[in-house]
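Trainee: Sequence annotations record features per position, and here Swiss-Prot assigns NAD(+) binding site to 10-33. Sequence annotations record features per position, and here Swiss-Prot assigns substrate binding site to 138 based on similarity to another entry. Residues or ranges marked as active site, proton acceptor in Swiss-Prot: 151.
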C-alpha cells in the first residue's frame, strides 16, 4: 500500500519509537499526519513539518485512559478536519510493573477503547468506509520477559485482540495487524522496573544483550504499514522485519 496522500492518526507519535516512525511517515508524502499524545512537543512537531512541508501535521493532546465517549468526541473533531482517516496507529505504552493498573490501562484498555471509538466512524455496518488499524505490541506478547509479567501480559492481550479484529474484517470492513518490537534503545527500556522487584537490574540486564535502535525499528515499522497484511503479527527485532506464524492449539468452533 502506498502511503502517498493518506491520512494517518498516530496515538503516541512523539515517543521514542513513535517519533522516529513519524519521521519516516512524513517522508512517504502523507496528506495528513494527526498525532495524539499526552505531552505536547512543539520542537518535534516543527521538525516533522520541516522534513516534509507538504504534509499537514496536527497535534491534539490525548490520554488513552479517558472514557470511550471522550475519544469518540475527539475523533469527531479530527474527522471534521481531515474528512477521512485511512490508518490508525495505536502506539501508547508504558513499561512499569510497579503500576499495575496504569500499565493495563495504557497498554491494553486504552488501545481497545481507541479502537472501539474509531469503529463508530469506520464500521461498514453503520455505513462507514472501513479502515486499517496498526497496533503496537511487543515481542513479549508471544514470549514473555517473566520478570515483567504485567507488561508482557498486556502485550499478549494486544496480540490476541488484534488477531480477533483481523478476523472480524469481513463484518466491520476494518483490517488490523500488530508490529512487535524487540528490545529497542529508548528511555522506556532504560527506566523500567520488575514486578515486585523480583529483578532489580532487569533493565540493565536486558541492555547487555543485542538491541536495535529506534531508527531501525521505525524503518521496519513503516515497511509493515506499507505491506498492509491483515492479521499479520510482525516481529521487529535487531533491525529485521519478520512475520510470525501463530500456532493454533484450540478452535472455538464458531
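Glycine too: its Cβ is placed from the backbone N, Cα and C atoms.
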Trainee: Taking the Cβ of residue 13 (NAD(+) binding site) as centre, how many other Cβ atoms lie within 10 Å?
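Mentor: 28, counting other Cβ atoms within 10 Å of residue 13 (NAD(+) binding site).
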Trainee: Does DSSP give residue 22 (NAD(+) binding site) helix, strand or coil?
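Mentor: The three-state answer is helix.
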Trainee: For residue 22 (NAD(+) binding site) and residue 138 (substrate binding site), determine the Cα separation and express it in whole Å.
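Mentor: The Cα atom of residue 22 (NAD(+) binding site) is 19 Å away from the Cα atom of residue 138 (substrate binding site).
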Trainee: Which Cβ among the binding-site residues (19, 25) has the fewest C-beta neighbours inside 10 Å?
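Mentor: Ranked by other Cβ atoms within 10 Å, the binding-site residues 19, 25 bottom out at 19.
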Trainee: What does the structure give for the C-alpha distance between residue 13 (NAD(+) binding site) and residue 138 (substrate binding site)? Integer Å is fine.
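Mentor: So the alpha carbons of residue 13 (NAD(+) binding site) and residue 138 (substrate binding site) sit roughly 16 Å from each other.
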Trainee: Would you kindly give the Cα-Cα distance separating the residue listed as 'active site, proton acceptor' and residue 19 (NAD(+) binding site), rounded to the nearest Å?
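Mentor: On Cα coordinates alone, these residues lie 21 Å apart.
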Trainee: So among the recorded positions 10, 151, who's got the most Cβ atoms within 10 Å?
Mentor: 151
Trainee: Measuring Cα to Cα, how many Å separate the residue listed as 'active site, proton acceptor' from residue 138 (substrate binding site)?
Mentor: 9
